[in-house]
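Everything below concerns the one structure shown next.
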Amino acid sequence: MARNGGLLCLLIEEGDIGERDGERGGGRARREAPYLVAGEKTHTNNKNTVGILDLEAEIYIVTVEGEPVISYKGDIDGFEATAVEESDEKIDTTSELVTSYAKHLVKKHDMLLALLFDRGTYKKIYSYHHLINGFAAHISHEQAEILRRAPGVKSVERDWKVRRLTTHTPQFLGLPTGVWPTGGGFDRAGEDIVIGFIDSGIYPHHPSFASHNTEPYGPLPKYRGKCEIDPNTKKDYCNGKIIGAQHFAEAAKAAGSFNPAVDFDSPLDGDGHGSHTAAIAAGNNGIPVRMHGFEFGRASGMAPRARIAVYKALYRLFGGFVADVVAAIEQAVHDGVDILNLSVGPNSPPATTKTTFLNPFDATLLSAVKAGVFVAQAAGNGGPFPKTLLSYSPWIASVAAAVDDRRYKNHLTLGNGKILSGIGLSPSTHPNRTFTMVAANDVLLDSSVTKYSPADCQRPEVLNKNLVEGNILLCGYSFNFVVGTASIKKVAETAKALGAAGFVLAVENASPGTKFDPVPVRLPGILITDVSMSMELVNYYNITTSRDWTGRVNSFKSAGSIGNGLRPILHKSAPQVAVFSARGPNIKDYSFQDADLLKPDILAPGSLIWAAWAPNGTDEANYCGEGFAMISGTSMAAPHIAGIAALIKQHHPHWSPAAIKSALMTTSSTIDRAERPLQAQQYSGSETLTLVPATPFDYGSGHVNPRAALDPGLIFDAGYQDYLGFLCTVPGIDAHEIKNIMHSPCNYTLGRPSNFNSPSIAVSHLVGTQTVTRTVTNVAEEETYVVTARMAPEIAIETNPPAMTLRHGASRKFTITLTVRSVSGAYSFGEVLLKGSRGHKVRIPVVAMGYDR
């Protein structure tokens, strides 16, 4: 990491551990402000700015060089430092230090405007001096261009409001109206619950983790964790909201992989990933998300009042080492966390331990569950292919990723009237106008620079500004964008530097499995993801562009306009299983033998999730230097479940981890908003995205329903001895190995692993007839349940008894009998439904494959 606030953004490589999100991108840019939110605004009644304004004037937000109050370190003669290092420290805005420095900034804003423009031709609306250094002004487009070129001006952004939907997942999941009120509202949701994050650390100064605008957090004696001291500032990383912060890197250091200048020898997030997951689970409510002058709504965690305990064990260049991760898990459990979030997992099944459930990582997590800690783990991002799960064990809640109802689309209108669809989170080009389009390869300053892949539009200095200025720049989406050496953010910066009206990225060759996500950019831009539409664009450009005999362009005649991609479209066909989400069947060993345990367990939002980001984060090239990022992965799905589990824990403080997991699973939904069965994104033969009917191997029990999970009626409970019983029943397992790792002998077995009391049933090798046993416990008032089941025709299913009445706290066994009717060579799917007289519905999925012997 470069010193003195510089940014060194590097390509991420997966390490020995580090199952994270398959986000791709490249170049980055430096940002001075630690994060981008709406500043504390001071209205200035400047009489000199009142006058007759251009009728076409608009409001622009201008940021200028120099630190705002919150980060000013005292480097200007006559003005002492006002910066704070911890977000729980309140600045005394009435102090002489602060007011004099703030007046100094306001005076500089006024002087700049007065120097550039005549009195009465502009109006300054606000001066920003607290969180950002700049101002808002009502000015003409021409004045905005003058400001852009003025010395000391960092950015000039046209103000723009879009619909407030942003971390829109709390609304999508019904938390504000259906769940938070039961816990005392958003300002009490998750109160006194501690969520531990085994991740890449945290950026403690982010508003999503601030505590100065919330009711004070009192001491929490049950939590015994510590807060490390920042080696540079000598301040610790905690503030009441963040209750613990530690890092683990001894194995990485011993291996020679750790670089303290890049990886930060502290809990500070040098990646972005850890801040993102923490904010999804427990970030503050109502934090404005602003980028490039646009507001994308307000962000909130699932449990906005829960405490955050940071256990940094992942690093941006190499991922992490199992030894460090295990040490972090151990410390978290010792410290007394209630919930553990693991957006991390092994890169592949363990070969050293024959059984997946007995690897050191999962064995450590079993001890965590034994201690009463609920564990949510990302299922993996190897989808849509089968057997790609990286979260195997029955004691872990393995979380798959869903696409929610918010989609971003945009379009490019060609001069010949053709409309090409694509994605681009950007404003439109000037309405009712078309712009000449110029291809990067046709505007090179020197043809010898082709070694720099000029079509990627990453280097403005190799392109001719005179030919690009005022036009739409056409670029190619090459493999460099997939591997991370090029980024859409850098394309936008190149286009802006050259004065382009906008840019188009055309995908001419789609690499198998390439995932395209919309990226927020400040000027009009679009990514044409469909190869056939990209070819239409290329053909149109070639036909309308005249060249001499050497191939050099005589005249550019192609034209186009870019639409407004900022407004999201809400779809009823949601949720869907995201294409990257890892799929079952679960495996029991490194030879990929199927396990009698259904995984994943549950589906939660994990696609295009807005949340906090570390400004020095490099996990996603397109958001380097930003305060927020919108990214995808099962890493984003897991903290949704961790946060919702915290709400359940708050509501039912004495429930076991298995009870919480059961409540989440049995109340989940297998239908979408349009009342149709869930669908899963899949690739067709031509690598284009398509939708297919989803199965439990895609979504587990279904999509999470937080409101229903608070009152599940019945639970399928399990404890440490039940987990040992499961392990001791797995075929081919070595009892001595279990004793060595678990320090317990196999005194108790379940007969078959499918008898483990999971809220799902999986029989991977069904011959003839097999009977499975389950036990339910009533956590509501006395109720009578009718038990029914349905299954695909290849397998018959029966339940016994047909009905049962349970008092509060009572438990009752029931059986499910599966019989092979015909051998299809594929899994059959079904479900068992327990319908209560008081309205509870308890549903568990059933998967089985029939064999004739």
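Using the three backbone atoms N, Cα and C, a Cβ is placed for every residue, glycine included.
Unlike curated records, TrEMBL annotations are generated automatically.
Now, the feature entries from TrEMBL:
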- 60-163: domain 'Inhibitor I9' (DOMAIN)
- 190-674: domain 'Peptidase S8/S53' (DOMAIN)
- Asp199: active site, charge relay system (ACT_SITE)
- His273: active site, charge relay system (ACT_SITE)
- 448-530: domain 'PA' (DOMAIN)
- Ser635: active site, charge relay system (ACT_SITE)
- 755-847: domain 'Subtilisin-like protease fibronectin type-III' (DOMAIN)
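With respect to their backbone Cα atoms, Asp199 (active site, charge relay system) and Ser635 (active site, charge relay system) stand 10 Å from each other. Within the model, the domain 'Inhibitor I9' (60-163) shows a mean pLDDT value of 76, rounded to a whole number. Helix, strand and coil counts from DSSP across the domain 'PA' (448-530) read 30 helix, 16 strand, 37 coil. In this structure, the C-alpha atom of His273 (active site, charge relay system) lies 9 angstrom from that of Ser635 (active site, charge relay system). If you count neighbouring Cβ atoms within 10 Å for each of the active-site residues Asp199, Ser635, the highest count belongs to Ser635.
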